[in-house]
Amino acid sequence: MADRSRLLTYAYILLYIALSSGQIFFNKWVLSSKEINFPYPLGLTLLHMVFSSVLCFILTKVFKVMEVEDGMTLEIYATSVVPIGAMFAMTLWLGNTAYLYISVAFAQMLKAIMPVAVFVLGVAAGLEVMSCRMLLIMSVISFGVLVASYGEINISWVGVVYQMGGVVGEALRLIFMEILVKRKGLKLNPVSVMYYVSPCSALCLFIPWIFLEKPRMEAHSWNFQPVVLTLNSLCTFALNLSVFLVISHTSALTIRVAGVVKDWVVVLLSALLFADTKLTVINLFGYCIAIAGVAAYNNHKLKKEATRGSSDKSQPAESIPLTASSTSNS
């Protein structure tokens, strides 16, 4: 029985890695001018959030196959969920837009800087404490990303700015979620997070879409492919469910480790699938340094969560997917 449970856990982890990697390639394929030619990242992200909102409502309120945890109030929604939804929308929008300018592999390398952004903002918000150990880890990650960027052959600074904007948005989202748990005392599972955040994110995306992409979509004819776009949105929702399965059977840390494995899979496969990806030795060397720093950061978080879990059994560290990539371009 234990072996069966272990195999099931491994299957969930592999499912998450496959869906997360596949979603990145799927988004790139849809946005690419050489493939589906749907160069509207804001519209694509809006479609994902609307689709997720509708499905969450159907699954939780109509068929009731999933439960939404209680405890949400108007005050918590306005002060916590709305900022989380806004930052989530910003992350998805800017991250997907970056694919129009830089390769998938380089985008993944730049995202390795995420722990640095989370830590710096965490220190500013009083959630993290500066230490020599953490300063060293952050320096290693930053140095690795700089080396990887130096080795990029076809670098687009516009794409870099978009990707870094997405990183900042994701870091702010994680900080807001940390505040939601620690200061508001609200514990939500990933399905509940999707249920509350997706509609808010959709609204935050709809407003800029009206002014930025809607006129372009009306002015230029494009080949609408409902089957492809529906499958793309369905894969996004399935990715969220895989996060729920992994966290419910393991822990939030497992998602972090699986995310590192996924990043390497994406970097290596993108070199085979896309002509715009040219990996260099400097690229890979810098990325190895960055990943080493990320591994050290995850190890530090594991020890911190273990200490917190032993001192406060009533608030498990993995009650909310603070580091799950969710439906972002990751």
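Cβ atoms are placed via backbone N, Cα and C, with glycine included.
The structure displayed is predicted, hence computed values, not measured ones.
Here's what TrEMBL has on this protein:
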type     : residues : note
COMPBIAS : 312-330  : compositional bias 'Polar residues'
DOMAIN   : 12-298   : domain 'Sugar phosphate transporter'
REGION   : 306-330  : region 'Disordered'
TRANSMEM : 7-26     : transmembrane segment
TRANSMEM : 38-62    : transmembrane segment
TRANSMEM : 74-94    : transmembrane segment
TRANSMEM : 100-127  : transmembrane segment
TRANSMEM : 134-151  : transmembrane segment
TRANSMEM : 157-181  : transmembrane segment
TRANSMEM : 193-212  : transmembrane segment
TRANSMEM : 224-246  : transmembrane segment
TRANSMEM : 253-275  : transmembrane segment
TRANSMEM : 281-298  : transmembrane segment
Same-chain residues near the transmembrane segment (157-181), Cβ under 8 Å, at least 6 residues beyond its ends: 76, 80-81, 83-84, 87-88, 90-95, 97-98, 100-102, 106-107, 110-111, 113-114, 117-118, 120-122, 125, 127, 149, 187-188, 193, 315, 319-320, 322-323, 328-330
Interface-richest range of 7-26, 100-127, 224-246, 253-275, 281-298 toward the transmembrane segment (134-151), CB pairs under 8 Å: 281-298
Integer average pLDDT (0 to 100) for the domain 'Sugar phosphate transporter' (12-298): 88
